[in-house]
């Protein structure tokens with residue numbers, strides 16, 4: 001599943017391989033490793049097969065039962081133990097009306113409407129047999145009914161507006177992690193597999209699709225059709241998916257892939273790229289893994305209302321509609337990359353998560369970590385010109401470093417039971433950290449060995465649940481085949497050191513006057529604490545030097561297992577006392593690197609006065625991100641950091657700029673209230689000015705993907721620090737639009753132009769943009785405008801904008817997931833936005849919790865928002881107000897203890913930073929930055945106002 005909240009891939013023939021018949025019909029449910037308690041099924045029975053039959057009336061807008069459904073499930077099951085009298089299943093928000101239990105001799109044991117109990121807390125449906133059930137096979141038939149939900153979970157309803165503006169309803173599903181039980185009673189745990197047969201009865205004007213090809217579709221009467229699907233292979237219940245709609249589709253029949261979406265998007269050609277990417281990506285994955293995709297077809301569908309970004313249902317991948325849409329004339333290049341990457345993530349799950357599943361949610365990282373890794377590998381192979389694999393450094397690894405640097409972060413292996421706790425596991429640790437740790441193994445073992453290990457893993461564990469020990473055994477086999485590790489190191493110990501303990505290390509590099517380098521490791525924390533749990537990791541290290549500046553091989557020189565080790569120059573790897581040294585080539589290791597002051601000085605000298613490109617661009621990004629964060633946490637002097645990043649006046653590569661973008665945003669938030677803020681803006685302007693003028697504001701035909709992304713960063717910072725040149729050129733672009741010389745703003749620049757135009761816009765201009773957003777039926781355009789509206793610095797306008805997110809009349813047309821976007825768009829944009837959002841949340845928590853969770857993932861919309869706001873609290877006054885609000889939210893049940901603790905740690909770290917470093921940076925700026933070079937104040941404010949006025953005319 002693609003994590004939606006974080007918001008932050010050659011057409012070749014794909015050959016589908018089947019599975020031997022004997023494997024298809026065997027369920028796989030090994031006994032659980034941990035004691036059964038609370039929310040876990042007893043697992044003294046297992047399913048052998050499901051037959052699910054559902055009837056929906058979603059097509060009939062005149063029926064009072066339009067959103068009701070009726071169901072019947074037949075489960076062939078096996079009793080595994082003596083003295084079993086009850087059969088325990090999961091259920092959620094459905095009403096069971098009849099139960100029938102039959103043994104292997106066709107003797108009916110139960111056939112009534114009362115031989116069962118339900119537990120709404122644990123979501124158990126317990127079938128009560130009249131006597132002890134012998135070990136053996138049984139048939140259980142259950143009849144029930146329910147309602148299509150409105151919270152984007154389980155079996156739920158969604159809608160879209162057709163070409164005439166009429167609302168069209170569809171019925172769709174989202175079962176991961178614990179919502180299959182809403183569509184049918186089942187064994188809803190990730191380690192339990194069985195084949196599933198499915199039959200859907202629906203309106204004749206609609207059609208049905210599911211994981212497998214259609215077996216038959218026949219009229220039932222004048223109004224309804226019955227569509228039956230071929231049986232799935234043995235799989236987890238959460239991977240089942242089905243959609244009843246009147247959507248259109250496009251297909252690649254040769255490769256057995258199709259893409260479904262509302263007819264308007266299909267007719268516009270907006271889904272063509274998704275189909276192309278799907279074909280390329282599955283081919284790339286099959287080639288890389290040397291394992292064939294298992295199902296006979298692979299469809300994609302864009303759903304208008306969708307909580308997660310995407311979902312890897314086996315054979316039918318579902319997406320939030322905007323994810324699949326790419327229009328070459330209207331969409332920014334970043335959307336093409338995003339679509340390719342998300343498709344690669346979900347297709348990666350077809351192997352990691354579907355073919356091999358985790359034994360329990362404790363090991364979710366075996367799903368999401370591998371899918372994250374595969375999204376970069378497969379998308380890069382499918383679209384090498386986009387250089388997607390380079391982006392893993394800044395998007396995954398450096399992003400994970402932020403949340404994983406908190407004292408209360410969790411380890412990759414984390415045991416949970418409740419549905420809420422399970423949902424909370426879908427976080428940066430499961431995705432970005434785990435993907436980065438697996439990327440570390442890929443480079444530390446070598447890609448050939450790593451791939452061989454993955455094939456051993458997938459072959460040995462296919463159609464079975466796995467644990468990290470199973471992965472370690474497969475990788476160890478490959479390592480042994482190639483003698484890829486020292487005899488003192490084994491794969492199991494390596495994986496355990498990264499998966500079983502929280503956080504990650506910083507590698508300290510010290511060189512003495514005898515030219516001996518000492519390496520040591522300690523846990524890295526943003527807020528250093530004497531009470532923090534210390535750790536030691538199996539840390540692969542390598543290095544480049546002035547004399548050996550080859551960054552191409554990322555194999556380790558050795559492994560740091562103990563706390564320290566000493567290195568001396570050798571014939572294989574030599575350096576002098578005057579050479580720079582860089583550790584962690586291409587930042588493939590999941591750790592930060594901190595050097596002694598002299599080494600930092602030598603690295604800085606090379607970047608400024610030598611050939612900065614002699615250091616790999618990913619390591620330049622590493623140096624920027626590490627130095628900014630090491631200074632933030634007190635490991636490094638800000639004087640060193642602020643001098644080092646001044647080399648960026650020469651930088652033209654995207655990834656270093658992206659690393660700076662993230663770190664600089666933190667300093668910008670923290671210093672916004674400083675009396676020296678103009679000096680800071682001058683400092684930033686001096687960094688970006690050379691490249692800003694070189695890249696300009698207009699895209700060029702020769703631009704690469706990275707060039708366009710770099711231009712966006714440069715424009716954003718130039719306008720943000722008040723460069724009149726930037727704002728004037730933005731003015732000119734809008735003037736051309738107004739005079740009809742161009743149809744619209746370049747899609748790659750649209751977000752920057754609208755955001756800056758709205759920052760100081762009047763009410764009329766703001767209302768124009770708001771109305772345009774509400775009228776738009778293009779989900780990508782809506783997303784851009786929702787974000788841009790949050791850029792306003794007018795409190796009254798932001799209050800009005802936030803209030804629209806609670807509208808229930810339908811006048812504003814918000815999707816469930818869009819409501820929370822409105823809120824985040826406001827609080828991420830500076831002090832005014834944060835404080836306005838805090839007051840709004842405090843006053844409307846109950847309504848926000850109800851409406852935002854209609855589109856949020858895991859039902860924790862407020863918890864997610866509070867964590868996001870915590871990163872933007874910058875002073876003691878805000879901190880006190882924030883904690884008081886959180887206390888009230890916790891008392892009302894909107895925040896749990898973990899969310900409260902994380903928010904307190906994040907906001908507290910910011911306040912501590914202000915107390916410690918605010919004056920330090922002010923003094924440095926005063927001593928090192930000359931004032932007066934950038935024109936701010938009235939001139940730039942007038943330009944912003946002019947831009948806002950032009951936006952109003954345009955709209």
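Cβ coordinates come from backbone N, Cα and C, glycine included.
Caution: TrEMBL annotation is automatic and unverified by curators.
Neighbours of residue 346 (active site, proton acceptor), defined as other CB atoms within 10 A of its CB across all chains, total 30. Positions annotated as active site, proton acceptor by TrEMBL: 346.
Per TrEMBL, the feature substrate binding site maps to 176, 309, 310, 311, 312, 313, 860. Around the Cβ of residue 313 (substrate binding site), the same chain contributes 173, 175, 211, 239, 240, 241, each under 8 angstroms and 6 or more positions distant in sequence.
Taken from TrEMBL, the feature Zn(2+) binding site applies to 345, 349, 368. Taking Cβ-Cβ distances under 8 Å and a sequence separation of 6 or more, the neighbours of residue 345 (Zn(2+) binding site) in its chain are 2, 310, 371, 372, 374, 375.
Averaged over the domain 'Aminopeptidase N-like N-terminal' (47-239), the predicted model reaches a pLDDT of 97. Annotation comment: TrEMBL describes 47-239 as domain 'Aminopeptidase N-like N-terminal'.
Residues or ranges marked as domain 'Peptidase M1 membrane alanine aminopeptidase' by TrEMBL: 273-498.
Marked as domain 'ERAP1-like C-terminal' by TrEMBL: 580-883.
What TrEMBL lists as signal peptide is 1-17.
According to TrEMBL, the site 'Transition state stabilizer' annotation covers 431.
The record assigns 176, 309, 310, 311, 312, 313, 860 to the substrate binding site, and the maximum Cα to Cα distance across that set is 23 Å. Sequence-distant neighbours of residue 860 (substrate binding site) (same chain, six or more apart, CB under 8 Å from its CB) are 420, 423, 424, 853, 896, 899, listed in sequence order. Each residue contributes its Cα atom, and for residue 431 (site 'Transition state stabilizer') and residue 368 (Zn(2+) binding site) those atoms are 5 Å apart. Of all the binding-site residues given, namely 176, 312, 368, the one with the smallest number of surrounding CB atoms inside 10 A is 176. Here residue 311 (substrate binding site) comes close to 1, 2, 174, 176, 241, 317, 318, 319, 346: these same-chain residues lie at least six apart in sequence, with C-beta atoms under 8 angstroms from its C-beta. Taking the centre of the Cβ atoms of 345, 349, 368 as the Zn(2+) site, the nearby residues of that chain (Cβ within 8 Å, site residues left out) are 1, 2, 312, 346, 348, 352, 353, 367, 370, 371, 372, 374, 375, 431. Cβ neighbour count for residue 310 (substrate binding site): 24 (other Cβ atoms within 10 Å of its Cβ, all protein chains included). Taking the C-alpha positions, the distance from residue 312 (substrate binding site) to residue 368 (Zn(2+) binding site) comes to 11 Å.
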